[in-house]
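Novice: Structure in structure tokens, see below.
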There are 2 protein chains.
Amino acid sequence: MTDFAATRAAFDLPEGVIYLDGNSLGVLPRGAAARVERTIRAEWGERLIRAWNDAGWMTQPARVGDRIARLIGAPAGSVVVGDTLSIKVYQALAAALALRPGRRIVLSDSGNFPTDLYIAQGLLDTLGQGHELRVVAPEEVAGAITGDVAATLLTEVDYRTGRLHDMAALTRVAHEAGALAIWDLAHSAGAIPVDVTRAGADFAVGCTYKYLNGGPGAPAFIHVAPRHAAVARPALAGWMGHEAPFAFDAAYRPGAGIERMRVGTPPVIALAALEAALEVWDMVDMRDVRAASLRLSERFIAEVEAQCPALELASPRDAAQRGSQVSFRHPHAYPVMAALIDRGVIGDVRAPDILRFGFTPLYLSEQEVVRAAGVLATIMRDEAWRDPRFQQRQAVT
Amino acid sequence: MTDFAATRAAFDLPEGVIYLDGNSLGVLPRGAAARVERTIRAEWGERLIRAWNDAGWMTQPARVGDRIARLIGAPAGSVVVGDTLSIKVYQALAAALALRPGRRIVLSDSGNFPTDLYIAQGLLDTLGQGHELRVVAPEEVAGAITGDVAATLLTEVDYRTGRLHDMAALTRVAHEAGALAIWDLAHSAGAIPVDVTRAGADFAVGCTYKYLNGGPGAPAFIHVAPRHAAVARPALAGWMGHEAPFAFDAAYRPGAGIERMRVGTPPVIALAALEAALEVWDMVDMRDVRAASLRLSERFIAEVEAQCPALELASPRDAAQRGSQVSFRHPHAYPVMAALIDRGVIGDVRAPDILRFGFTPLYLSEQEVVRAAGVLATIMRDEAWRDPRFQQRQAVT
């Protein structure tokens with residue numbers, strides 16, 4: 001059993017705040033600041049260039065990748081960390097398309113995070129080979145996987161509503177149609193149990209600054225199924241993905257397996273924070289996290305619906321169909337959230353009318369969730385959001 | 001006049017080391033560790049998601065870019081920071097090729113850093129439109145810029161020999177042939193005076209962990225000449241390069257000017273270290289750095305050549321033809337460098353036989369350079385490098 005008092009003690013939480021935005025930016029793990037300081041002062045400062053070898057900087061992307069692999073059901077050696085999620089989406093999709101040269105359709109859905117769609121469209125435009133990005137409604141994906149689809153590009157948990165795709169079922173449909181399945185786990189890794197192996201995913205990507213608490217702008221990850229690892233073509237053929245980076249050969253030869261998905265020099269300082277953040281997960285069983293997450297989110301929905309008739313649930317009502325967030329709609333979502341943040345309850349907003357609340361059992365208690373709902377109820381009842389102070393839209397990521 | 005005692009005091013240098021490898025990884029600026037700690041504890045830890053706005057995280061890539069712009073002769077608003085150099089090379093070349101749709105040749109030289117060549121080849125393979133990467137000897141570049149060249153992709157300072165290309169002259173030749181000029185400033189920014197505007201460069205890219213001291217794996221930069229900024233097509237169309245990232249539109253619309261070259265979520269912690277590192281440059285006039293760099297490197301060459309007949313100068317003898325590094329050849333370069341590092345003089349090696357020494361006047365004195373040459377002379381005279389301890393090859397970046 002996961003000891004959630006112990007996990008909570010592993011984080012530095014600010015005073016006077018109930019944080020329901022760990023689905024956007026996770027909180028600070030106690031070990032991260034000290035680890036980064038050590039990396040900066042003792043490794044960079046003292047060892048300088050020698051630290052590439054003697055502090056293990058060069059092997060860090062795969063070492064950190066292995067920690068993530070465990071959380072998403074991937075075998076060791078099949079995940080590597082670096083760059084941003086956008087870049088990793090580009091790599092995964094480019095590799096998938098090269099494996100399906102005769103097909104011209106990339107299938108995604110309108111609930112996907114925009115950067116996935118932008119990156120896909122940018123890649124297809126760059127290819128200039130008549131590929132089409134076909135975007136359907138989330139519930140129409142299964143029926144749209146026709147024999148001309150090269151790859152599906154789907155985010156398992158919808159960033160706006162928390163709606164959960166059935167990864168295993170959709171992957172099966174994709175494979176039956178001869179397509180490859182790419183899964184974006186941005187809102188899944190550390191949020192819900194994930195098993196890319198059992199689901200048969202071909203590629204998976206994700207970010208580490210949400211539920212994994214890697215820090216603002218922490219590097220992303222990519223998983224390539226072992227059956228593709230030796231043949232996947234890295235479109236972003238950077239030197240760190242070369243079979244022998246320090247041979248400085250004129251010609252590129254892709255590295256063994258997942259190593260080829262590395263691109264440039266690894267972001268050592270960011271990786272130090274992420275590595276410390278991932279150590280917290282040694283204490284965690286994802287099934288316990290799922291159970292606690294559902295308990296927290298069900299309680300939040302019940303409290304809000306009982307007290308705030310003006311808010312409309314935007315997430316699936318069936319807990320099994322949700323990730324670890326709950327969203328409500330309100331025509332004045334922005335000022336409502338501004339008023340809520342002003343009173344120490346932090347969630348965020350997605351255009352045009354979505355209030356988002358993330359549930360992170362590692363550091364969030366049921367009592368706090370009940371208190372947060374109470375604060376929200378007070379704001380709605382008093383219409384506190386009409387205060388001119390809260391009328392300015394704030395962009396939050 | 002730059003006060004080099006003051007700049008030296010801005011760095012934390014390890015005891016007992018003479019560091020001649022700032023061309024690979026710059027040393028730790030005193031302000032960087034404290035700045036990162038503040039970003040982690042006070043911004044991430046306390047402000048959490050709110051820090052995207054109130055700590056200025058969202059605008060940091062352009063703000064830091066402006067600091068670099070000043071050092072490379074680029075106007076404010078024409079440089080943005082993020083990703084790695086490999087990614088920025090990809091973006092620059094993809095944008096350049098889209099501006100020259102009728103041409104199929106990318107011209108580079110055999111002295112270019114391999115990742116530039118790998119990334120270029122990877123892009124051309126991805127395009128699949130019959131482009132050719134033509135690689136000639138560095139001294140043959142000018143003559144090889146024919147009317148079918150879409151873009152030249154050159155690194156101003158050769159990473160092995162320190163040989164300096166004439167950026168203005170080659171750019172002029174490129175433009176006369178109707179080609180675009182992309183310059184990699186990895187070994188130029190902070191090393192020598194650079195003026196991309198006067199040279200007429202179309203795109204410039206570089207890394208920040210060498211002479212700029214941004215830290216291991218610090219993010220890269222890209223400059224787009226203002227005349228191209230509104231039309232350059234970002235092949236890596238990430239959400240942070242969108243005109244309105246938080247509108248979450250289904251369709252990508254490139255941001256204004258250089259903003260479109262942003263890709264994913266910015267690496268906030270790494271950017272904090274880099275921003276602190278760049279503040280040191282407020283004290284610096286690049287002309288003084290150049291004069292001091294030449295004084296240090298000329299002295300080093302004179303000392304080594306007087307004392308080490310077995311070492312052959314691999315850099316141009318004419319100081320005007322060099323960047324801020326000096327290289328020597330020796331058939332046993334690896335063990336020689338290992339012996340040198342063992343005695344506290346840190347340089348590095350490039351396959352197969354190059355000993356590299358970087359000169360960084362911000363924190364390196366002439367006295368140290370003379371001492372370093374003396375240690376090298378002792379090792380060569382005693383053949384100390386034959387010690388079995390030094391026979392293992394070490395990869396250093």
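Don't overthink the numbers, they just go from 1 along the chain as shown.
Heads up, the Cβ atoms here are built off N, Cα and C, so glycines get one too.
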Novice: Which of B:Thr59, B:Thr146, B:Thr155 shares the pyridoxal 5'-phosphate site with B:Leu85, B:Ser86, B:Phe113, B:Pro114, B:Thr115, B:Asp116, B:Asp184, B:His187, B:Tyr209, B:Trp239, B:Thr265 per TrEMBL?
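Specialist: So the pyridoxal 5'-phosphate site in TrEMBL includes B:Leu85, B:Ser86, B:Phe113, B:Pro114, B:Thr115, B:Asp116, B:Asp184, B:His187, B:Tyr209, B:Trp239, B:Thr265 plus, from the candidates B:Thr59, B:Thr146, B:Thr155, B:Thr155.
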Novice: Between all pairs in B:Leu85, B:Ser86, B:Phe113, B:Pro114, B:Thr115, B:Asp116, B:Thr155, B:Asp184, B:His187, B:Tyr209, B:Trp239, B:Thr265 (listed as pyridoxal 5'-phosphate binders), what's the biggest Cα distance, rounded to the nearest Å?
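Specialist: Result: 30 Å between the two most distant Cα atoms.
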Novice: According to DSSP, folded down to helix, strand and coil, what is B:His187 (pyridoxal 5'-phosphate binding site)?
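Specialist: DSSP assigns B:His187 (pyridoxal 5'-phosphate binding site) to coil.
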Novice: Within 10 angstroms of the C-beta of B:Thr155 (pyridoxal 5'-phosphate binding site), what count of other C-beta atoms is obtained when all protein chains are considered?
Specialist: 26
Novice: Measure from each Cβ of the recorded positions B:Leu85, B:Thr115, B:His187, B:Lys210 to the Cβ atoms of chain A, and list in sequence order the residues where some distance is under 8 Å, or 'none'.
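Specialist: Cβ contacts with A, in sequence order: B:Leu85, B:Thr115.
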